[in-house]
Amino acid sequence: MNAPDKFSQLMSLTREPLPASRKIYVPGTQADIQVPMREIMQSNGEAVVVYDTSGPYTDPNANIDVRQGLPSVRSPWIESRGDTESYTGRTPFALDDGLKNGDSESLASLRVQAAGLQRTPRRAKAGANVSQMHYARSGIITPEMEYVAIRENQKLAWMEQYLGNAEREARLAGNSFGANIPKIMTPEFVRDEVARGRAIIPANINHPEVEPMVIGRNFLVKINANIGNSAVTSSIEEEVEKLVWSMRWGADTVMDLSTGRNIHTTRDWILRNSPVPIGTVPIYQALEKVGGVAEDLTWAIFRDTLIEQAEQGVDYFTVHAGVRLAFIHLTANRMTGIVSRGGSIMAKWCIAHHKENFIYSHFDEMTEILKAYDVSYSLGDGLRPGSGADANDEAQFAELRTLGELTQQAWQQDVQVMIEGPGHVPMHMVQANMTEQLKACHEAPFYTLGPLTTDIAPGYDHITSGIGAAMIGWFGTAMLCYVTPKEHLGLPDRDDVKVGIITYKIAAHVADVAKGHPGVRARDDALSKARFEFRWMDQFNLSLDPDTARNFHDETLPKDSSKVAHFCSMCGPKFCSMKISQEVRDYAKTRGVSEEQALQSGMQTKSEEFRLAGGEMYIPISPA
């Protein structure tokens, strides 16, 4: 990183706690299980506790040096299991960073600046399996499993005041479409879900900085944000800052999709400074190593890239193993052909050599590599539809069925798997995608890009996809990959990233509410209560984006006095429905009658006024 001071400048905002918030840590059964959450203090003295993905960056007591990386959360747990070993690891090459000349001054400078981020890699001892799935199937509850159980519950106690009305709870009960969501998440439930393959805990043993999280149909819906440099834009500083910015607003995982130079070094900075799981698409870096010529790719180059990234600590790999030679012709009559970058790379290789996809052919060998580091599979949908016209066609579902077969192959070695999904799908076809995935992929977690429900809104595809994301999240998708306003148009900047994340946090939340996930609606009720009581600052602070909520309010009512006013700019002081409703309640309370009786009394009073005024609908106004 060639400008640490620039990075510090970029990071200034992301180190501040969100308004009225403080970091709290909920302890587990052993001293080193400390699960971070965000506590939002309200002006009425009540506290709301919410899931927090921001890591130590919003903890003012945390000392962070990005040149050294974050402190380790999991190292003691990994070492105590006694099934891993440290080893020298592969030697980084200039080609890993997209450079042909190992003596390049820029490369040397990059390596010096990243020296504090280097770690000795670990791997499974000979004959051992270090995956969370293997432990789960062996009946072992790991600290990671206990950690995510605590995290998923979000400190249930504060929610009770909002969930105690039995009539309301019955009326608002969700529909989980066959999911099995318990009222309280226990470590044993987490273990069982991971053992069954219905959930994954992406946590490479070489990413000890990660704060464990779980992805599965029976847990909170998660969201992923994409970052990454390209050959034409962005720097390492910008990508690391974008990582921290993404986590601040709620990204549960982040994918590094870098395709330009300095890929390896950028990944060092990202992994060592990330408390959330990091995913990659290894074929992107492998392609850089062969000068961008897909036909020159080989299994040996791809295998070396997998090991390189596993040693660095990547938590999940997107691999396009389902793009088989026999399926490529199915895309010939599509409106938009093959739109997946990784899918098109593998399709081109298959056609050029007229051979089966080497990722598919070497799948078991690849699984052996992932097993040694506990890297999870994210089986890529290389034949996903790139337009509504191509949704749910045979190319898409032929690949999906193959991914289901590969899932079972991976499970034979206890390697964790999630399945990637579309894409572009009209609303009336969204549920069929979830139904087909559950059937073909044996309930492995589904991870979808949207889907976008219409193709007519470039510049607003965060909205077109947010609609599909909310729907498919309700139907059972475990993680939603965000889409920004720049989708199809360009690389997103930090503002686009924030808009995309907030859009998808909304989609994930409404899906959880619709599924009837225990307790999630309590935050809605807390904000509604604050709104009804005109606690403006609490409204802002309880929202997903306090800054924007406050700014929008202040555009029309900027004075501090407006933040205690019992009205807003929409209706004004005389026509505020909530103010009128409160006045009815106050009237009833002072007279010792019910609200219904107060309303009836008011109606009788107004009726008498109408009669005394002559009983006419329109009363002429006398000239002054």
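For all residues, glycine too, the Cβ spot is worked out from N, Cα and C.
Under the three-state DSSP scheme, G382 (substrate binding site) falls in the coil class. On its own chain, G382 (substrate binding site) has H320, G322, V323, I338, S340, G342, G343, S344, M346, A347, E399 as residues at least 6 apart in sequence with a Cβ closer than 8 Å to its own Cβ. What Swiss-Prot records for N226, M255, Y284, H320, S340, R341, G342, D381, G382, L383, R384, E420, Y447 is substrate binding site.
According to its DSSP assignment, H488 (Zn(2+) binding site) is coil. As annotated by Swiss-Prot, Zn(2+) binding site applies to H424, H488.
Residues or ranges marked as [4Fe-4S] cluster binding site by Swiss-Prot: C568, C571, C576.
Residues or ranges marked as region 'Disordered' in Swiss-Prot: 75-99. Sequence-distant contacts of the region 'Disordered' (75-99) (same chain, six or more residues past either end, CB-CB distance under 8 Å): 32, 106-107, 110-111, 120-125, 128-130, 142-144, 205, 208, 260-265, 285, 288-289, 304, 307-308, 311.
As a whole number, the greatest separation of Cα atoms within the substrate-binding residue list N226, M255, Y284, H320, S340, R341, G342, D381, G382, L383, R384, E420, Y447 is 20 Å.
As a summary of secondary structure, the region 'Disordered' (75-99) carries 11 helix, 3 strand, 11 coil according to DSSP.
The DSSP secondary structure for H424 (Zn(2+) binding site) is strand. For the pair formed by N226 (substrate binding site) and H488 (Zn(2+) binding site), distance between Cα atoms is given as 14 Å, rounded to the nearest Å. Taking the binding-site residues Y284, Y447 in turn and counting surrounding C-beta atoms within 10 angstroms, the largest count is reached at Y447.
Here the Cα atom of Y447 (substrate binding site) is found 14 Å from that of H424 (Zn(2+) binding site). A helical conformation is recorded for Y284 (substrate binding site) in the three-state DSSP classification.
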